[in-house]
Amino acid sequence: MPKKAKPTGSGKEEGPAPCKQMKLEAAGGPSALNFDSPSSLFESLISPIKTETFFKEFWEQKPLLIQRDDPALATYYGSLFKLTDLKSLCSRGMYYGRDVNVCRCVNGKKKVLNKDGKAHFLQLRKDFDQKRATIQFHQPQRFKDELWRIQEKLECYFGSLVGSNVYITPAGSQGLPPHYDDVEVFILQLEGEKHWRLYHPTVPLAREYSVEAEERIGRPVHEFMLKPGDLLYFPRGTIHQADTPAGLAHSTHVTISTYQNNSWGDFLLDTISGLVFDTAKEDVELRTGIPRQLLLQVESTTVATRRLSGFLRTLADRLEGTKELLSSDMKKDFIMHRLPPYSAGDGAELSTPGGKLPRLDSVVRLQFKDHIVLTVLPDQDQSDEAQEKMVYIYHSLKNSRETHMMGNEEETEFHGLRFPLSHLDALKQIWNSPAISVKDLKLTTDEEKESLVLSLWTECLIQVV
């Protein structure tokens, strides 16, 4: 699932260190997807359905099943991840819980069969063959370059974190009980066939994962087989279960998921604190104290609810005329945890500025625009009440692919720059122009103009054209 979901497990062999990056490129030939842009990638992923049709009729509304009889696409899907890939992965140091789970659905419940510490391929294969266990591999984009390439483009397209998990299930077995997720799900069938059953949501657009009892979910509203090259989409909250029928080969599919905690409710929570902060500067009513002992009351008082209702109406009126919304966490959280740009080489172009040094007479343009956010926040280096606003630019060019979606909060750091609020208009010029002359930037002095573009160039955010 997207969003820093920390895998659980009892890895006791020396706290596992972050895995080293590997390139396990599959021999699937040229890509069957169009990577020219984020939108072209998504369009090719859901082909032949048109993007407009998808968002009008299916997104957050109902499942979409795309069954294809395309050998080339089936071969490409099969190159994304195979059961046999686990052997080379395990040789690099994979841990139960963190990287891999072994489980099986028994009497409607998930039974976890993990061992402690490192996962060894022979043990995984033994549990797979003898116990009919499903192998779940967490976030394979950390190691499989083509999944990195796909998910990086999808994160640009959705503006939301995109995670993935691989599920490998032997014949005559089911890994997970009926459940629903808190994410939008795209299933790509990679190997073998899988039997799927989908049910009406009990909680539409659910915000939490939950297992559902068979007797509560009724009869499936959709039932079908997925074959290599097929794609299935369903909204968060859709109850589902899947099994590999007896007598067939094992099944491998990858679940690509997004839009966790990315609702209007989440955005409201994220922006309202900044709105209150700004309004309180101008509205003395918001700065007056609450009644004595209000916090000691068991129930909300009529006075408190009436005052809060009035304040919310004031905030709504102010919001109507506001152009700048202060995002406190969502922007930073996304850009800080997302994948870095896909790079077929060593990634040097993302860490070392190249090309000409920008000068006053240069023409510059933004690069990696989908990997940068610009936001206005109170100065985080000031602790007093008179915090000035600053312009913050955060980017994901130096993010770690190896820790993507793995919940390593203590290892996460911001990458970016900070500028005075007076630089906002000039930065917007750079953001909104295909290319712009440095001397035309809306800053007072030539020194400020050169200093601004040099700072951006040093972070590999602009190039001279």
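Cβ coordinates are placed from backbone N, Cα and C, and glycine is handled just like the others.
The structure displayed is predicted, hence computed values, not measured ones.
For the residues Ser88, Ser309, Ser451, the entry in Swiss-Prot flags phosphoserine at a single position: Ser309. Summary of the site annotation: Swiss-Prot records Fe cation binding at His179, Asp181. Screening the candidates His120, His240, His250 against this entry identifies His240 as the one listed for that site.
Within 8 A of the CB centroid of the Fe cation site residues His179, Asp181, His240, the other residues of that chain are Leu176, Pro178, Tyr180, Val185, Tyr209, Thr238, Ile239, Gln241. Residue counts for the domain 'JmjC' (139-271) under DSSP, split into helix (H, G, I), strand (E, B) and coil, are 29 helix, 50 strand, 54 coil. Note on the domain 'JmjC' (139-271): its mean pLDDT in the predicted model is 97. Of all Cβ atoms in the shown protein chains, 10 besides its own fall within 10 Å of the Cβ of Ser309 (phosphoserine). Rounded to a whole number, the distance between the Cα atoms of Ser309 (phosphoserine) and His179 (Fe cation binding site) is 38 Å. Neighbour counts of Cβ atoms within 10 Å were compared for the binding-site residues His179, His240, and the top value is held by His240.
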